[in-house]
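Colleague: According to TrEMBL, the record shows the following:
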type	residues	note
DOMAIN	50-86	domain 'RING-type'
REGION	1-32	region 'Disordered'
Amino acid sequence: MPDNQQGRNRQPRVRSGNEPPSAPAMEPDGRGAWAHSRAALDRLEKLLRCSRCTNILREPVCLGGCEHIFCSNCVSDCIGTGCPVCYTPAWIQDVKINRQLDSMIQLCSKLRNLLHDNKLSGHTFC
């Protein structure tokens with residue numbers, strides 16, 4: 001039997017990613033889609049932490065030799081010596097301000113404020 005006749009009585013297959021949502025959209029009371037958004041934001045913020053102080057990056061800079069990322073205040077005493085993580089020599093000309101990463105961090109902060117009320121947003125900044 002040809003493929004087009006077999007599928008007449010069956011439900012059409014839905015492509016991956018195009019499935020209709022099974023739960024109501026965006027439940028602001030902390031369950032459902034908001035909980036997934038908060039969890040995703042938490043995972044993202046773990047990646048946006050300073051390699052030295054472990055707080056969310058503030059004015060992030062990258063060391064050119066090893067590409068570790070730090071808050072600008074956390075790395076200032078390492079210039080001329082070495083990276084505090086891997087001890088690769090770190091010179092002033094190797095320090096690069098990462099403005100794109102800083103913009104992402106600011107957007108994450110705004111998103112956190114939207115997803116959490118003020119009493120729950122107790123994340124520490126350097």
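Cβ atoms are placed via backbone N, Cα and C, with glycine included.
The model shown is predicted, which means the values in this text are computed figures rather than measured ones.
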Colleague: Across the domain 'RING-type' (50-86), what are the DSSP residue counts per state (helix, strand, coil)?
Modeller: 7 helix, 9 strand, 21 coil
Colleague: Considering every residue in the domain 'RING-type' (50-86), what is the mean pLDDT value?
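Modeller: Its mean pLDDT is 90.
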